[in-house]
């Protein structure tokens, strides 16, 4: 055998650039051939395999499966919960209080859990959320009293943030240019699970002790999800993150920085995977509170206000949908249900079409959000003033596309303006804002409906117009080349 040479060459400082999937060394991203990638893998001892496009695609597709299984399991159980709690002897008031308790826990926990995922890493936080949610659904399967039913909702209300952390992980792994495409596909995969889940749950509910069986199956699906997350190639991702941070430090004062600054995607605190969970709980809590304070003192209020206004506007559209169609056109609830299922299916299709749409807009998220929000406002106005069912069907058809695109764009704008380094915190705060909308919308809908069945969507039009006005006022901020980072960045 040929003796290995003891002479070593010092490689030049690496410049890491963004690719459509995971961050890759600039020698590969620049298209210098597969030999560069092979050499890089050899230097890493094979650990850097996740930097290949094929491995990156597998990682992202596994996250799509996580989103699908999550909403598939949840949507199996949620439609059956009101029937079950009534069978336990609870009154409508008690059932409403328990439902509100879940919403309140989600409101306050989403920000903390999202920030916690920034501190301890996505792997540990995602696994913890999935396993504790599985515990909640297991307890739900044993709930023979109202107290046990309420108790089962506590771990789910606090830790059911699987989708938010998965989106933060996707944001860590993909470039800003490809983020709307990947987020749209993730939402589409989750939406398919949400469509199929109620069908399976309804079938299982017909069996003896159907609710309990459905709850146990849901818990099993969450355990399967945890196993899928555990088997993801986290070690390779961690290698990429650490090498990227090291490369960034080495190139801070070099001339190469000017060539790759526009492609850098920092990964701080080992957001993808690190050993932070072994820090003391006090250190973790202190770090979480510090990050939340930074978000509160940043100038992102307009982004979250736009999200709140558009969320409430869309919720007002759906709040009395079935009742309004019955009062205005004499339509039976069965047809309303078919129409809502039709809209959900179109929403999944819209998520798959986000790639071509963003390319059409040259990846200008602000312009796409402005146009989709304006289109949403017009469609809600069309529904509120509809003179026949054909106008309702028309508005529902296009509204499925505009709302799906708008939800994805507002998340992308949050991460672009706020900085990807705190993606978990930003997504958590955004989820809390949406939870506030879910609390406000029923109250506003009830008050507006006292005047007219068209009152809630008409009010939604007004709120959407305010959101569009805010977007136009802050146009310069959203279109500027430099991001508005948090104060500590």
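Numbers run from 1 along the shown chain.
The backbone N, Cα and C atoms fix where each Cβ goes, and this holds for glycine too.
Here is what TrEMBL records for this protein:
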- 59-479: domain 'Major facilitator superfamily (MFS) profile' (DOMAIN)
- 1-20: region 'Disordered' (REGION)
- 62-81: transmembrane segment (TRANSMEM)
- 93-114: transmembrane segment (TRANSMEM)
- 126-151: transmembrane segment (TRANSMEM)
- 211-232: transmembrane segment (TRANSMEM)
- 300-319: transmembrane segment (TRANSMEM)
- 339-361: transmembrane segment (TRANSMEM)
- 368-393: transmembrane segment (TRANSMEM)
- 455-473: transmembrane segment (TRANSMEM)
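Between the transmembrane segment (300-319) and the transmembrane segment (126-151), the number of CB pairs under 8 angstroms, six or more residues apart, is fewer than three, so the stretches are not in contact. Long-range Cβ contacts of the transmembrane segment (339-361) within its own chain (Cβ-Cβ under 8 Å, at least 6 residues beyond either end) map to 180-181, 183-188, 191-192, 194-195, 318, 321, 367-368, 392-393, 396-397, 399-401, 403-405, 408.
Taking every listed stretch (62-81, 93-114, 211-232, 368-393, 455-473) in turn, the largest tally of C-beta pairs under 8 A with the transmembrane segment (126-151) is reached by 211-232. Sequence-distant contacts of the transmembrane segment (211-232) (same chain, six or more residues past either end, CB-CB distance under 8 Å): 59, 62, 65-66, 69-70, 72-74, 76-77, 80, 83-84, 123, 126-127, 130-131, 133-135, 137-138, 140-143, 162, 201, 204-205. Long-range neighbours of the transmembrane segment (62-81) within the same chain, counting only residues 6 or more positions beyond its ends whose Cβ lies under 8 Å from a Cβ of the stretch, are 130, 137, 140, 160, 162-163, 166, 169-170, 185-187, 189-198, 200-202, 204-205, 210-211, 214-215, 217-218, 221-222, 224-225, 228-229, 232. Note on the transmembrane segment (93-114): residues 82, 85-86, 125, 129, 146, 149-150, 153-154, 156-161, 164-165, 168, 288, 292, 295, 424-429, 431-432, 435-436, 438-439 of its chain, located 6 or more positions outside it, place their CB under 8 angstroms from a CB of the stretch. Over the domain 'Major facilitator superfamily (MFS) profile' (59-479), the average per-residue pLDDT in this prediction is 83.
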